[in-house]
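Chemist: My questions will all concern the structure given below.
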């Protein structure tokens, strides 16, 4: 089976590696153009491009996937399947219609829930107890195509978006492997999504990390996990931005105004919310590294009675 692979960030790398390991004929890899990276702003390759070059696979980097020249190139390759994993551009109908056996997408949610750009973050922010990977046949909509396979994953109440991202990379690759096997055999299932049950996972932005202490301790805990490592949760302490990296919901209440620092100890900062007390265990002050509160207070003071935010 001849495959064209389209993907860009590190979450797509295990999927490409799995296709290489399974000895499919890879006609080419399509990835986003090189971008300036680091302080020197030198052009850097995407993780997918690096893997392709290591394996002597031709690489294509269209600025726009709808350009006629690029579409003609993919047509000339004549793939049986196009596999898309976090490519970063919307594919036009002309490309979706090229492969004989379809364009296959690996999406890191249990569709139709959490369509869109940031499902890993939003399942945690919303306090979901499970998520998963869905493979599907692509159509012109945003993650609306017919589903092939699903793999469910239970969510620990303390898992962060970064940890879940790393977990899903490998689960996605295994689900893709099974999907491609079924497609090659002609046995791939095809299930229409229930479009009435959909939800969206919009792209993340920095303001999402701003903690609102008038919410429940559990909601704040979920936010802190869901925006870790990016865009990261934050509040203000004495008019200075304080990033919040790790929290715990305590089985105790407070009558203080929301956001009030109730107590500071080696265990962390106790803060009042609309219901339970939230323990902030790890913070980061401007121009400093991340630190457990117990370490930070050895050389710095955090005052009780002050209100965060």
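Cβ from N, Cα, C; glycine included.
Remember, predicted model here, so these are calculated numbers, not experimental data.
Copying in the features that Swiss-Prot gives for the protein in this structure:
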type    : residues           : note
BINDING : 109, 110, 111, 112 : (6S)-5,6,7,8-tetrahydrofolate binding site
Chemist: Highest CB neighbour count within 10 A among the binding-site residues 110, 111?
Modeler: 111
Chemist: Per DSSP, residue 111 ((6S)-5,6,7,8-tetrahydrofolate binding site) is which: helix, strand or coil?
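Modeler: It is coil.
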Chemist: Within 10 Å of each Cβ, count the other Cβ atoms, then let me know which of the binding-site residues 109, 112 comes out lowest.
Modeler: 112
Chemist: Around the (6S)-5,6,7,8-tetrahydrofolate site formed by 109, 110, 111, 112, list the extra residues of the same chain whose Cβ is within 8 Å of the site's Cβ centroid.
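Modeler: Other same-chain residues near the (6S)-5,6,7,8-tetrahydrofolate site: 107, 113, 114, 115, 119, 132, 134, 143, 147, 150, 193, 198.
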